[in-house]
């Protein structure tokens with residue numbers, strides 16, 4: 001039986017707009033097990049990104065609990081560094097560092113072995129079709145290539161959970177499929193869970209579970 005890696009329990013997120021209370025998330029629950037591929041769809045403004053931010057300990061819910069069972073870390077910044085991987089549609093690469101250096105940066109911040117980090121990063125970048133561009137600067141890469149570097153960076157610390165917000169939005173269908181295959185590989189080989197927000201319904205239906213976020217709640221789609 002797979003171990004649970006994330007529990008969102010009775011999560012609510014409310015905002016005030018004048019005298020009106022906007023309920024973005026409303027008593028939402030989600031349990032994520034290791035190795036699961038989860039897709040979340042929903043209309044623009046439905047709260048998908050807010051949900052990812054709360055799950056990733058980047059935002060606090062108005063009510064409810066984010067539980068990460070069996071984590072040996074208590075401080076949020078350490079959980080984010082060692083336990084979680086983040087991918088956004090905007091890649092936020094460091095422009096003065098090569099593709100390879102961008103990918104190994106989280107591993108070096110963690111104080112882990114540089115040689116092993118380079119070997120792992122080279123393998124991931126090669127799996128994403130960037131084996132010949134390890135030493136290119138971000139400005140020398142296309143938008144899709146830059147996004148693949150960002151995806152590789154999210155994987156370098158072998159996180160328990162990857163939180164991906166429209167990770168393939170700027171990618172062509174072939175590269176989108178390569179990204180899915182990489183997610184599938186880390187899920188099956190490393191038991192990494194992936195929670196992905198996407199508007200790509202074809203990609204969403206390839207995942208193990210598909211949820212739709214509507215009126216602040218998640219429902220099986």
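Positions of Cβ are set from backbone N, Cα and C atoms, glycine also.
Residues or ranges marked as ATP binding site by Swiss-Prot on the basis of sequence analysis: 42, 43, 44, 45, 46, 47, 48, 49. What Swiss-Prot records for 6-220 is domain 'ABC transporter'.
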- Please report the number of other Cβ atoms within 10 Å of the Cβ of residue 43 (ATP binding site). 11
- Query: What does DSSP say about residue 48 (ATP binding site): helix, strand or coil?
  - Reply: helix
- Item | pLDDT averaged over every residue in the domain 'ABC transporter' (6-220) | 92
- Which of the listed binding-site residues (42, 45, 47) has the least company, meaning the fewest other Cβ atoms within 10 Å of its Cβ? 45
- Item | Around the Cβ of residue 46 (ATP binding site), the count of other Cβ atoms that are within 10 Å | 19
- Note on the structure: Smallest number of other CB atoms within 10 Å: among the binding-site residues 44, 49, that is 44
